[in-house]
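Inspection log for the structure reproduced underneath, given as structure tokens.
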């Protein structure tokens with residue numbers, strides 16, 4: 001009698017993990033001090049891109065020159081350092097860098113183009129007047145996040161999130177910034193493309209080929225690759241590679257065209273109302289409040305990604321609301337100091353946590369120290385801030401991808417064989433990309449957004465909101481997930497709610513105390529729920 005056929009091994013799916021494994025240093029486990037300091041400097045280097053790009057785009061339109069641009073960059077750095085420390089000590093306590101946000105660029109440009117500034121002949125005076133108008137709008141807009149955060153209103157919204165509705169929100173917080181990646185790197189392809197290739201090689205291939213030193217390459221790939229490509233760009237510049245090239249090419253490729261080193265002072269301490277007393281306009285304040293609301297939603301997605309890459313448990317709603325409140329304080333500080341832009345969670349730094357596999361709180365606090373230090377010593381900080389933009393954009397290609405994949409990773413909690421899941425996920429992702437694309441294309445062709453009434457502040461409010469991919473995708477997913485077959489028990493399991501139930505409250509999971517409790521026993525006075 002023939003022996004029975006060997007039993008085929010049953011295939012098992014990968015286990016669901018509420019904390020990301022294979023992280024070298026989690027939220028509460030700092031690396032050794034020398035390594036932590038270098039990692040902190042790397043975070044500082046990464047956040048410089050947005051910190052420099054936004055003032056470079058705004059200050060010349062406001063009437064400012066290189067000196068004003070350098071001073072705004074210093075102010076942005078200083079405020080970002082303070083906000084990052086506040087967030088890591090008193091906010092969510094996650095290793096999140098709080099920096100300048102692109103979301104506030106559109107309402108700021110609207111203020112710049114306001115009719116009341118058009119007749120000012122002196123460029124410096126126009127810059128000061130415009131900056132004061134921006135400050136007033138930011139101060140008023142900050143109250144939205146402060147009230148929603150500290151009152152606990154945002155906690156109610158966050159509790160509605162399931163893994164299914166969180167996935168598009170977080171994914172589009174990263175993938176939605178695709179236009180800031182390769183399109184910007186390709187503006188000087190001879191340095192942008194080598195940066196991408198070298199960063200991928202150092203962070204992904206070298207650690208496997210040379211295991212003995214692979215960890216160092218994996219963790220410090222950004223610093224190493226930037227140093228090599230920056231030096232290469234410098235040799236191209238001094239070697240005359242761009243002599244006779246178009247001005248735009250020289251601006252993007254040369255290492256001596258930023259104007260920051262010459263415009264920066266040796267020592268300068270930013271202070272509140274350094275540009276003068278803020279001015280207030282109701283319409284501009286409403287438009288900036290819309291941007292603050294969009295930044296609130298985008299930061300929620302970024303906070304979720306940060307908690308994942310820090311190998312912490314999902315952030316309880318009360319902690320998320322507390323973090324949003326402190327982010328509102330950060331926007332208030334931006335208005336008081338005059339940064340020309342509001343603040344939100346830095347998506348690129350969230351991606352860096354994934355690239356380095358180090359989600360330590362101490363590392364980000366050290367990076368905040370670098371921000372404050374180099375903002376005061378202006379000349380030294382300006383040297384690093386003069387890194388060509390295509391190099392930074394090339395880094396974004398990896399870092400934004402990591403944040404996007406943090407969102408996709410939440411689908412492990414969902415039933416992807418459910419047609420309900422497929423519809424909500426696919427439709428929200430598609431609309432989250434398609435609607436903002438329509439708004440952006442319309443604006444680039446017509447010079448104004450699809451909503452174009454006589455009330456400019458109303459136009460700015462609607463156009464800013466629907467130009468955010470993370471906001472649109474997250475809102476569609478949350479609406480559909482909360483209303484479609486809402487009372488069906490099967491749908492509840494398909495959306496992954498049963499995995500996240502324990503994280504709906506601070507006290508229902510014992511690990512929340514380790515990750516999110518306030519220092520110095522402050523939880524006694526400011527309890528979490």
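Along the chain as shown, residues are numbered 1 onward.
Glycine is treated like the rest: Cβ placed from N, Cα and C.
Cross-referencing 15-33, 72-90 with TrEMBL places the feature transmembrane segment at 72-90. In TrEMBL, the feature transmembrane segment is placed on 363-385, out of the ranges 363-385, 501-523. Which of 169-191, 192-214 counts as transmembrane segment depends on TrEMBL, and there it is 192-214. Against the transmembrane segment (96-115), the recorded stretches 72-90, 136-154, 192-214 differ in Cβ pairs under 8 Å, and the greatest number is found for 72-90.
Among 136-154, 192-214, 460-480, 192-214 has the largest number of CB pairs under 8 A with the transmembrane segment (391-411). It is 72-90 that, among the stretches 72-90, 136-154, 460-480, forms the most Cβ pairs under 8 Å with the transmembrane segment (363-385).
Same-chain residues lying 6+ beyond the ends of the transmembrane segment (72-90) with a Cβ under 8 Å from its Cβ atoms: 47, 51-52, 54-55, 58-59, 64, 96-100, 260, 264, 268-270, 274, 322-323, 326-327, 329-330, 333-334, 337-341, 343, 361, 364-365, 367-372, 374-376, 378, 381-382, 385, 518-519, 522.
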